[in-house]
Each structure stands twice: as C-alpha cells, then as structure tokens.
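See structure below.
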Amino acid sequence: MTNEFLHFEKISRQTWQSLHRKTTPPLTEEELESIKSFNDQISLQDVTDIYLPLAHLIQIYKRTKEDLAFSKGIFLQRESKSQPFIIGVSGSVAVGKSTTSRLLQILLSRTFTDATVELVTTDGFLYPNQTLIEQGILNRKGFPESYNMEALLNFLDRIKNGQDVDIPVYSHEVYDIVPEEKQSVKAADFVIVEGINVFQNPQNDRLYITDFFDFSIYVDAGVDDIESWYLDRFLKMLSLAQNDPDSYYYRFTQMPIGEVEAFAHQVWTSINLTNLQNYIEPTRNRAEVILHKSKNHEIDEIYLKK
C-alpha cells in the first residue's frame, strides 16, 4: 500500500457486496444498456454488487449531513435550510465516469422516495474553442486552464444555496460549446457533478471545488487499460460519424485507419495521459470512495476513506 492510500480502507468486491442486503436492482437490463457509455461494460450484477451498496453508503452520508445541519440550527437558534446533497465524480477520460454518474442518478431517484436528482458534467464549463484559439491554448483543451473555473465555482455556490442555474452545454459531436443552448439545473435533492477536473484547485487556492461536495467518487483503472478503452472509444466514434459531416470525427472517416490510430494514440500520449498523470490522478485521494476497475471494466476493489 502506498502512502497515498494510508487513510483509505481497501475493500474487495466480495466483501463490499456483502455490506448491503441483496435486493433486486431498480432498473431493467434495457435501461442499463441505454445509460452506459457506448464503449463501457456494466451488468445488473455490477449494480447489485457495487452500486446498491454505494447508494446505501450515500444515504448514510446524507443522513449524517442532515443531522449535523439540524444540530447546527439548534446551536445557532435558527431553522436550518434544506440544501442539495452534492456528489462529485472524477477520473480519467474514457474510464467510465459518465456511466457511473448516470447509473447513480437512476439509483438515487428510485431508492430515495420522491427524490429529485440532477446530473451536470463540467464539459459545459470549458471555454468555447474560439476563446481557446484566441488564448493560444486549443492544444491544452481539457487541461485546468481550459476551464472557466470561476463560472464552475459560481454554479456550485448558487446550487448549494438552493438556487436554480442555467449552464452552457457541450457537444462531443461538434467538440465545442453549443451556442445559445443551456441546461437548466434545479437545486434538486441530489446534484451529481461529473468531470475530470472536479477535485482540482482553481487559481483561487483559498476556495476548493471539493468544499462544495458532500460525497465524492474517483473512478480508477490502470493506465494501459484506460488507454485501450480510449482508443477503442475513438474508433467507435468514427462509425457514428460516417454520415454526419458536422461531427468533429467525420474528417477521420476519410483517412486511412492506420493514420487515424496513430493520431488517436498521439492525442492520448500528449494530452490525455499527460493530463491524467499531472492533474487528475494526483487528486484521487480527495475522494471519499475510489472505485478501481480491472481490464474487463469490472470493479474489483473499493477504497473507502477512513
């Protein structure tokens, strides 16, 4: 065990699944298929073994937060305001953050009676491509400086205080912010915030994004496995873009497959791997729970902060 994990309890999949009584997953195989990222793999068995115990743990954290807020209200002699329970989900590109987040959204809405759950990705807080070009950092897209961190912090602050917020929308198909399009985010019972940068510090070191989170999850895997999943996803995006000239990936459908593979590998090495090693993975120990995935996408180990 490295020093990084000294304050985590390592739990095997077998032990973890025994921490929650066996119940039927509150979704169908078809629903699960519809929410998973198209290069990801997940089964109803994973839902039962990993995600139902995780939802139960989140319930414990939520109850603890509410008890503390109530006690603070008594101490301050005023009524405590209800606040959204905010969950941060981080991890590398192509590791399966989106699948985890969408699955949690369904599980929380169905295991908590009448609960409302909003899901936000931090892609919407990337600067538009034109801004990145003007600043000379288009090749740094995805790195910390390519995000409008002030806007992200402002969003979290307003949501935490029970305000509804409109945020920009990012499209992976056009590889840019969609002009004039907004996502209306309600101050729901749960707000899941997913992105590679959600545990990172903005330029203002006095305020941390993680300060806004009531629970946090890091989806982890070996670097070689993530690279393989990224390259697989890149090539699968081409099949979706074949008849869509507006897609960012369309131009690659006109290139020899060898050139496409070389380009994707170069992007992984120069951008995604560098970003992972320098900025994403170093924030891993800020999570409450680390879900480690094996080569076949199956979660084999769970690390719970002590």
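The backbone N, Cα and C atoms fix where each Cβ goes, and this holds for glycine too.
Residues annotated as ATP binding site in Swiss-Prot, with sequence analysis given as evidence: GLY91, SER92, VAL93, ALA94, VAL95, GLY96, LYS97, SER98. Classification of GLY96 (ATP binding site) by DSSP places it in coil, neither helical nor stranded. The Cβ of GLY96 (ATP binding site) has 25 other Cβ atoms within 10 Å, all protein chains considered.
Around the Cβ of VAL95 (ATP binding site), a 10 Å sphere holds 26 further Cβ atoms from the protein chains shown. If you draw a 10 Å sphere around the CB of VAL93 (ATP binding site), it holds 19 other CB atoms from the protein chains shown. Sorted by the number of other CB atoms within 10 A, the binding-site residues SER92, SER98 start with SER98, the lowest. Sequence-distant contacts of LYS97 (ATP binding site), defined by Cβ-Cβ distance under 8 angstroms and a gap of at least six in the same chain, are VAL89, SER90, GLY91, GLU194, GLY195, ILE196, VAL219.
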